[in-house]
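**Student:** The structure that follows is given in the form of structure tokens.
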Amino acid sequence: MEVLKKLKLLLWKNFILKRRKTLITLLEMLMPLLFCAIVLYLRLNSMPRKKSSTNYPAVDVSLLPVYFYNYPLKSKFQLAYIPSKSETLKAVTEVVEQTFAVDFEVLGFPSVPLFEDYIIKDPKSFYILVGIIFHHDFNSSNEPLPLVVKYDLRFSYVQRNFVSPPRHLFFQEEIEGWCTAFLYPPNLSQAPREFSYADGGNPGYNKEGFLAIQHAVDKAIMRHHAPKAALNMFKDLHVLVQRFPFGPHIQDPFLVILQNEFPLLLMLSFICVELIITNSVLSEKERKQKEYMSMMGVESWLHWVAWFITFFISVSITVSVMTVLFCTKINRVAVFRNSNPTLIFIFLMCFAIATIFFAFMMSTFFQRAHVGTVIGGTVFFFTYLPYMYITFSYHQRTYTQKILSCLFSNVAMATGVRFISLFEAEGTGIQWRNIGSVWGDFSFAQVLGMLLLDSFLYCLIAFLVESLFPRKFGIPKSWYIFAKKPVPEIPPLLNIGDPEKPSKGNFMQDEPTNQMNTIEIQHLYKVFYSGRSKRTAIRDLSMNLYKGQVTVLLGHNGAGKTTVCSVLTGLITPSKGHAYIHGCEISKDMVQIRKSLGWCPQHDILFDNFTVTDHLYFYGQLKGLSPQDCHEQTQEMLHLLGLKDKWNSRSKFLSGGMKRKLSIGIALIAGSKVLILDEPTSGLDSPSRRAIWDLLQQQKGDRTVLLTTHFMDEADLLGDRIAILAKGELQCCGSPSFLKQKYGAGYYMTIIKTPLCDTSKLSEVIYHHIPNAVLESNIGEEMIVTLPKKTIHRFEALFNDLELRQTELGISTFATSVTTMEEVFIRVCKLADPSTNVLTEKRHSLHPLPRHHRVPVDRIKCLHSGTFPVSTEQPMRLNTGFCLLCQQFYAMLLKKITYSRRNWMLVLSVQVLLPLAIIMLSLTFFNFKLRKLDNVPLELTLQTYGQTIVPFFIAENSHLDPQLSDDFVKMLVAAGQVPLRIQGSVEDFLLKKAKEAPEGFDKLYVVAASFEDVNNHTTVKALFNNQAYHSPSLALTLVDNLLFKLLSGANASITTTNYPQPQTAIEVSESILYQGPKGHYLVVNFLFGIAFLSSSFSILTVGEKSVKSKSLQFVSGVSTAVFWLSALLWDLISFLVPTLLLVLVFLWYKEEAFAHHESIPAVVLIMMLYGWAVIPLVYTVSFSFNTPGSACVKLVVMLTFLSISPVVLVTVTSEKDLGYTELSDSLDHIFLILPGHCLGMALSNLYYNFELKKFCSAKNLSDIDCNDVLEGYVVQENIYAWESLGIGKYLTALAVLGPVYITMLFLTEANAFYVLKSRLSGFFPSFWKEKSGMIFDVAEPEDEDVLEEAETIKRYLETLVKKNPLVVKEVSKVYKDKVPLLAVNKVSFVVKEEECFGLLGLNGAGKTSIFNMLTSEQPITSGDAFVKGFNIKSDIAKVRQWIGYCPEFDALLNFMTGREMLVMYARIRGIPECHIKACVDLILENLLMCVCADKLVKTYSGGNKRMLSTGIALVGEPAVILLDEPSTGMDPVARRLLWDTVERVRESGKTIVITSHSMEECEALCTRLAIMVQGQFKCLGSPQHLKSKFGISYSLQAKVRRKWQQQMLEEFKAFVDLTFPGSNLEDEHQNMLQYYLPGPNLSWAKVFSIMEQAKKDYMLEDYSISQLSLEDIFLNFTRPESSTKEQIQQEQAVLASPSPPSNSRPISSPPSRLSSPTPKPLPSPPPSEPILL
């Protein structure tokens, strides 16, 4: 039941995602139907026509065709005989020569090799009409012929006389040459073959003189054995050959299309399905969603079953519709008129199932969706190519070869279609009664069996590859996967084995003895390899994690925290060592472990189209919750996470913070016993982060929690034990108090300075009181000083002095605390890696407090000024105008080159190897088919066709012999045939039989005979069924053998073999054989390969768009023209490479139609003009896609359909037999707007025109009108002509399409369609205003500072714009979705030079929207904004020259290094080339990124990526720098480094606007800030101004030791209430209390003394007291008015779990709204500033 429940959930998930991916789902279901529509269109435009009976006249075989009498030759035709040593053969040949009125020359050859060598090498061999080779060893020259005679007739390889007009279809109806490799045409038809030829037509047995020569040789043999008798007999005997009559029939030209094009179209229709399936499966794999579900208990096989059922249902619908369309008569015709619809459905379903499993198999070999999709689709197409060869040699293939070829599902499908079309041609269709009928020792039933076998094999391969080679993610299974799995010996949980103590034992706290170690890690290593280099991410890690505890894992960026989490969750395998979870080893028992595992990854693993509720419901039930419990817990989790108002929002529309909340909820739901949380609160605002802390504190009771974070206060609050990693090694581990005790150096005093602060004077004051004080940090407005613990008795005097001289010293506020976790972390990092000591280097004295640890301010100023210190000491001027455009163009071009260089495997495979491989395989198959298969000997006996029925009429008492009938019967029986003597007309009998039993008639009745006596003369008619290629000669052989037996006895026999001559030297060199249809094969195959090539140009553009790198480049100053034209230039250069290689391939294969000296320029021109047209089209369409993988798949499908379909339609309808040439011309003109059609038709016409020229030349038609023979096709001497078979109009169309699509691209980039829509909305202004007013009736801000700022801007706008770098006036932003959203509401502010302006607010408050408007990523709905005097709305190009932007999410290109990216943006900014290196090096030095500067960005940690994003914003000369949460994901050391850099940039005269969730960051950096709530400013001013206005109280935080928590907590509360009357308990986190104390009558020194004593009396682990912080003010604004302490506690009681653990506490409810009334100011502040203790 549990398995069925999980399966049901997975199916629900799949169908929800498919339903919400409307376009993909429609594409998956409709693309096969679109190809079906093409088939239906062809069916309806090739209607069957009724034809009456046809009788053909007899042909006299005693005469050569007229052709030989009129052929203009300089020399005589020659009759060659072999071996020449036999005089007997010479005499026989001379008798043959004398038979005809044509003057022949008799020529003998000693042996067959000499004859063939002469044919191949000597030009005179053209005159040899036939070689007669007798299979008999002559001992002497006069030795007679035996009675059993066998000889070969070797006519020329190419017919001389029979000129069949060439076909312009993808498949020829007939095979060229003598067709000796085939018994029947590959394309059977109900209509008579070669309808207009009485002698049978192709392969030309009569026209080429084969029958006449054969009969003459047979008569000569008879005369040799019975000279007189033979002479007498043939005086009164006349031998004729006559074609079978053909009864009334339906001539259906569609059958040719069905037999040949339908397999190709069916394959192309299902390739779309294969691409979508592969992409869907790989997308989940690439995003780690599959492995994430596995961690929730979903076995891998269950995952596959769910996917199979999902796609099975969707393809079932498609196949059902296809079956209905194919089998339902429309306008009295159907695609399959006679076949059983049930069998058609079963056949298509078997193929669909095989396609599904093929996609599954291909997905296991790849990790990236777009790579796997491209290669998977290519391989799927390749598996069809063998059929193109097999179909033309089907009867030559052995049964084993056929079986093996059908292991490719496409070959099996095409073979099945072949069976269906054959039965349709016979008029019976495929039925249950004939599925076992054998055609070439194979049957339709076997095809169905092979499709099912293919499905099983593909499934098996997928299972083995995934199990044994999980590649990047997952744990590989053992090779004995099918064997009985040995039961692992699980050691006792508490005694798995104590890990050895590391060398840093003094910093490892003793393990708790009374708790269960749920997770044990023993000597764990993880090494990553990249080429020859390796990186050790985890080095000898040993530690235990305990139930009921939160273990916090800290470390700098890249220390190995995420790697540890990935190993424990089974996402990656350890290189060495062991890890046990609940006693199960991760490398062996991951399935068991995952049943109790909850994981919140560092990067959200969410389904884009799942809602918040869907995620919680899905994962809750996967973990075992019942639907009712899951519903309740989902509602509870929504409330706890503050996501109630987003319950129905899809995850792709959530902000980053909301996604983190959802990921945490997924990990927590259903009570997972082991929680691994990788930076769970990254990106969350302060209220949300605190709510998550509450939630984790409540939920940890019976769980084991491993948490990583960069927030030290989070680690301090949540961590029962804290472990710190550095470079993969464990440095220390223990409780927060233990680590503070080990690493603490005393008390830390944090001083927030004013701009007027005199640092030297302040240092002297501190040094005067505390001589041993040490400077830890001096960044921005923040200064941190260490006060040794032994000098605590001097603190009171120091604090009194600082309070009294606060204004004089320039102190905004100061605070003191005992050692914090941040300081512990920094000290640990310094000890482990001295390179991190750049900013935190200890000072041995504060006097004179130099800042030598920082880069001087003047060095950073050079980045943002007009001069730059170089050796020449010349001022640096930024490039402008044309020079800037050239530099930017060069930067964009280098970016494209770098992408191609770094992704060379992808570029090489998709853009070069793939199209070339397709064309090479096609050429290999086609060349082998056309030039090799036909040159085989064929023995002309009835046994070749199996057992047949031979009707015959012989008159009673025939003049030839009264026993003639009996002799004929004996001869047939001896040959294994069935004689059937009839009375009357043989022709009438054959017509009757064909009408009575059309099924199988052509295979049962191949030849017949009629012996008619008229007076004393006998007429012998050898009747042949022309549906069989070689029946004319067979019928003649049958009659001649009977006559030979009459003359020489029953033992006499003649066996004739048709063995074409080898190709002559001229034929080989000039490829005389017409190969026009081969060109269409190549075109269709090549169009598919070129679709992948074309779609590959979207990968980078969509990738840049998805990470918003393109937007950042535009913001940095790149114009639309520069961005796209540089990309187009490089992509055209890239397009030239496969084009030139393609020409080389044609030269290698000697494909003259494309490799001729006149054709090569045309091929290159066609290809390059196609690239010119299609690349801008791909760029334009790429705007519709969000991920490179989906873009690649959809574009391949689109380009394949829009290129192959038009070419097929136009080519098929152009066939003269269909009678739709006018329609073909119309379609051709319509499809000129499609580059793929132009490419296909141009190449097709180029090939076809060349082949027709060869055809006319080969047939020696220079003296007659070749165009008449070609049935209307006009050979163009000038291939560039516009007329039929010219390529001129296609080249012109491609040349015009390029600018058209480029214009569309620029219009799309400029949001022209959005602007047009907005302009059109102006026709209904009253409606819009009324609608806006109804929805956005928002109150004006109440804060007087906000109102004053807005009023000032209104009054003095022009003056402010001139004097200030940034002015924002009443800016609003409305997102016009289904429900319009007001994101920013009339915001006004001014930012001056050397000012850092902070935007604070909850997630979704509108901060990023302001940035998007300032950078013009989003248009301003109303209002104005000015940068350096330029209006953003009208002068965006000029504005962008002055803006530097660090977006919220890293807009970085993974294929570039950090240095390369900075260089690129330096060029975009216009920094002269000679200064770029120094500029970039300086930024890297300041950001401490020199070590990783030359590594690829994809290897960077999150913190390093943020650092690089900030560096990009600083490049060049931006007057205004916008930093959107720049320090997200950074460790404390990196964060302080960033602060230092930003502060120095501000000091250099720049204007900075910053958003952040770190209040500490805002206090350190911001000179002014505003708090936003629901798009409005609620307050505005400097941090100190806001504290003075709203923070007139003190904040006391105290942390009681957990050991004494219950005992001392209440006593301490009573102490605070008694000591500080009026205090208010604002928050409580188990052992952490936060009080707000009234401000009046409190002194810093007095409070410090009281709390020092309380620390001892009440077992306090840590405490602090400070003026109400900026974070407290922020929380006050963002907290709902109704959220009082009592109400919060009441909500906690309701939401608490039914049986909470003993150490759990009530949890505070997170804010449920994003707005609150402005807090009222408290009474005036006391004269002294409080201190953080």
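Cβ atoms are placed via backbone N, Cα and C, with glycine included.
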**Student:** May I ask you to name which of Asn609, Asn1641 Swiss-Prot has annotated as N-linked glycosylation site?
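**Tutor:** In Swiss-Prot, Asn609 carries the N-linked glycosylation site label; others show none in the record.
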**Student:** What else in the chain is close to the transmembrane segment (22-42), if you only count residues 6 or more beyond its ends and a Cβ gap under 8 Å?
**Tutor:** 254, 257, 261-262, 265-266, 268-270, 272-273, 276, 280, 314, 317-318, 321-322, 325-326, 330, 335, 1190, 1194, 1197, 1201, 1205, 1208-1209, 1212-1213
**Student:** So which of 342-362, 1160-1180, 1287-1307 has the most C-beta pairs under 8 Å when paired with the transmembrane segment (1128-1148)?
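**Tutor:** The stretch I would name here is 1160-1180.
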**Student:** Once the chains shown are all counted, how many other Cβ atoms turn up within 10 Å of the Cβ of Asn609 (N-linked glycosylation site)?
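**Tutor:** Here the count is 17.
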**Student:** Answer with yes or no whether the transmembrane segment (1082-1102) touches the transmembrane segment (1287-1307) by the criterion of at least three Cβ pairs under 8 A, sequence separation 6 or more.
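**Tutor:** They do not touch: fewer than three Cβ pairs between the two stretches lie under 8 Å.
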**Student:** Can you tell me the mean pLDDT for the domain 'ABC transporter 2' (1366-1599)?
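**Tutor:** The average pLDDT of the model in the domain 'ABC transporter 2' (1366-1599) works out to 88.
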**Student:** Against which stretches of its own chain does the transmembrane segment (342-362) lie, if we need a Cβ under 8 Å and a gap of at least six residues from its ends?
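**Tutor:** Non-local partners: 266, 270, 273-274, 277-278, 281, 304, 307-308, 311-312, 315-316, 318-320, 322-323, 326-327, 336, 372, 375-376, 379-380, 409, 412-413, 416, 420, 430-432, 435, 444, 447-448, 451-452, 454-456, 458-459, 461-462, 465.
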**Student:** Please give the sequence-distant neighbours of the transmembrane segment (372-392): residues at least 6 beyond its ends with Cβ less than 8 Å from one of its Cβ atoms.
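**Tutor:** Contacts of the transmembrane segment (372-392) (Cβ under 8 Å, skipping residues fewer than 6 from its ends): 175, 181-182, 186, 263-264, 267, 271, 274-275, 278-279, 282, 355, 358-359, 362-363, 365-366, 402, 405, 408-411, 414-415, 418, 909-910, 914, 917-918, 921-922, 925-926, 928-929, 933, 1081, 1085, 1088-1089, 1092, 1095-1096, 1189, 1192-1193, 1196.
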**Student:** Please report the DSSP secondary structure of Asn609 (N-linked glycosylation site), reduced to three states.
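**Tutor:** In the DSSP reduction, Asn609 (N-linked glycosylation site) maps to coil.
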